[in-house]
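Participant: Have a look at this one before I ask anything.
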Amino acid sequence: MHFHFANSSQSKIDSNRVLNELSKSGRINEARKLFDKMPERDEFTWNTLIAAYATSGKLTEAIQLFKETPIKSSITWNLLISGYCLHGMETEAFHLFSRMQFEGQRPNQYTMGSILRLCSTLGLLQRGKQVHGYVIKTQFESNDYVVTGLVDMYAKCNCILEAEYLFKMMPNKRNHVMWTAMVAGYSQNGEAFKAIECYRDMVVEGVASNQFTFPSVLTACAAVQARNFGTQVHSFIVRSGFEANVFVQSALIDMYAKCRDLDSALIVLENMEVDDVVSWNSMLVGCVRQGCEEEALSLFRKMHARDMKLGNFTYPSVLNCFASTKDMNNAMSVHCLIIKTGFEAYKLVNNALVDMYAKQGNMDCAFLVFNHMPNKDVVSWTSLVTGYARNNHHEEALKLFCDMRLAGIHPDHVVLASALSACAELTVLELGQQVHADFVKSGLQSSTSVDNSLVTMYAKCGCIDDASRVFDSMQIRDAVTWTALIVGYARNGKGKDSVRFYDQMIASGTKPDYITFIGLLFACSHAGLLKRGRLYFASMEKEYGIKPGPEHYACMIDLLGRSGKLVEAEMLLNEMDVEPDATVWKALLAACRVQGNLELGERAAKNLFELESKNAVPYIMLSNMYSAAGKWEDAARIRRTMKWKGISKEPGCSWIEVNSRVHTFMSEDRGHSRTTEIYSKIDEIMVLIKEAGYEADISFALHNMDKEGKELGLAYHSEKLAVAFGLLSLPRGAPVRIFKNLRVCGDCHTAMKYISRVFHRHIILRDSNCFHHFKGGQCSCGDYW
């Protein structure tokens, strides 16, 4: 391009016009060449090129030109400050703002507006307050342009009350920009109803809305699912001519989707002239949230077919679909697409992949994705820890949680709840207490999910008093909270307390659920509360519309069996609305064992042989019933059948934790390093408890041998070895906590009562059924074990 100049004022005007056109079109290099060749330059010339450099981000060139300009008016200063503000350069912008005043130039409303926009964008509240002070000092507080900037700044810095105050102080100077800033401020600060009310007032005052107002009020409608008002706003949008605006259409789709009106959302989406990925993502998320996985996957396929730019918000949504549908093949295909499109480096996408694989139960793939992530945040760790916990890999979950803490990642509520759940399942009390301490020290606000997990953890570890203390400290309790405590008391042999808390739960207005009644009926069964158990069972469907499941029938059959009402138990089983499963037949078989009803026990066992052909428990129970009845040949026949079918009995073992180390014992075990001391302690225990009145119940010695041999075999059961080791190793007066993989035998149960009295110890024994708290010669189960 060639430039020719004449010695006239018209030539300068023409040159400035061309310079302005070049600058505004982004042809800055050509503009600079023209600028350098101009023989005469006025203030407009200099300001035009400074503005071009500042707006395009070439701030070094802009500041150099600023230094060279002979005339530095407030406009010149403002152009440079605006450039720094536009590009988020806080220090430089405020330095120029101060320097401008120092050199005698008074900032105008546009300078204030630029500085306030910078504060809004970067969330610079303290800087914004300083500017507000300057606004008052320089009497700009009634300038609608500046006040609009202040309203926007305070709203975006989460000071909505200050924004509201300033807005109300300008009743006669509110233009559409100020109204929009206030509506957006309410919406962004979680004040959806105020945003809707503000928009309604705006319409009443006849102020026109625009493409910035509508998305803000629609976001507020979505937040509180105000679909009817959102539909009215949609009508305003059509009448105002903004129905084709992409931002407005995207907000409409999001509003309808969040208000569970997918049909209306889809109509807006289909009427869009351009394929906007944000709008499609909103529709996709809406489908996922409402459980419409197939529709969501169909949308994703269309997006891919239309060659839309799939982003790091699209992939997490579609991966969430696969977490629900368990469609591993298509999930793998999307994973391949993620790698192909280069999104495997995005943390948000990787977190979604870990979560998806974990929810599908594929922990190997979940770990591989996690392990290859260069940067892991708390969500990454939480997804994997929670995945391990949900898939019953509790040890891996806790190991990973410890690795997370060592990596310096601060836990959130979700991962703490998962870690506590894993501690509960493994009954590792010490680690559970450490996680509890971690939560307290973290400074995180109280969380119902964490508190519920704490109640469950302490209850499952046999610390029901600690569980109760957590419960008492909770400000918000839901059905899960009450159920956790009810089940906890039931499992810890305090059925009457379970019933008491159930009554409190009903009085509080909290409705019981399916699980609540399992815990409640279990409590009645183990506390011998037959009348109450019948009432609760009848109330399930009659009062709460909860259809009893196999677990509830199993508890009722167990309750009736323990109460000696086997005929009624059999009648209930025959009248079941659902097909009896193994849980029900096991309950009947256990009841028959307690009552010595061999005939009905045989029927229950035979059904279990069909339902769980490889489960050794029914074979062992029936064999033991034969042995107890003196039918040694029948007992031997059952054991031969087990051997022929390749069914092996799970060996009974007990374990105890001492000084953070777990010590495991089998029956007649002699593999411990302190075996001699343990067996010597057993001999001492047996002498002392026999003196106190203990007599061995040889009916639980299920081998055909003489009385002395049977008594000796009973003395060396795994739980007795564990308690002997506990008495040797634990400080005087400390509780002895023992865990057993099978149910405690009747003789050991009796012996533990005597040991607790003779040695003045609180013995806590958790078997496969419940906790037994032995104290002063009594058991918490009331002998309904």
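The backbone N, Cα and C atoms fix where each Cβ goes, and this holds for glycine too.
Keep in mind that TrEMBL annotations are predicted by a computer and have not been checked by a curator.
Quantities reported herein were computed from a predicted structural model and do not represent experimental measurements.
What TrEMBL shows for this protein is this:
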DOMAIN    693-785  domain 'DYW'
REPEAT    42-72  repeat 'PPR'
REPEAT    73-107  repeat 'PPR'
REPEAT    175-209  repeat 'PPR'
REPEAT    276-310  repeat 'PPR'
REPEAT    377-411  repeat 'PPR'
REPEAT    478-512  repeat 'PPR'
REPEAT    615-649  repeat 'PPR'
Participant: Run through the repeat 'PPR' (276-310) and tell me, per DSSP, how many residues are helix, strand and coil.
Facilitator: 26 helix, 0 strand, 9 coil
Participant: Mind looking up the mean pLDDT for the repeat 'PPR' (73-107) in the predicted model?
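Facilitator: Per the prediction, mean pLDDT sits at 83 for the repeat 'PPR' (73-107).
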Participant: Go ahead and report the DSSP secondary structure tallies for the repeat 'PPR' (615-649): helix first, then strand, then coil.
Facilitator: 27 helix, 0 strand, 8 coil
Participant: How do the residues of the repeat 'PPR' (478-512) split into helix, strand and coil according to DSSP?
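Facilitator: Across the repeat 'PPR' (478-512), the residues distribute as 26 helix, 0 strand, 9 coil.
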Participant: Give the nonlocal contacts of the repeat 'PPR' (478-512) in its own chain as ranges (CB under 8 Å, at least six residues past its ends).
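Facilitator: Cβ under 8 Å, 6 or more out: 448, 451-452, 455-456, 458-460, 462, 464, 467-468, 471, 518-520, 522-529, 532, 536, 544, 546, 770-773, 779-782.
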Participant: What is the three-state DSSP composition of the repeat 'PPR' (73-107), stated as helix, strand and coil residue counts?
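Facilitator: Taking each residue of the repeat 'PPR' (73-107) in turn, the totals are 26 helix, 0 strand, 9 coil.
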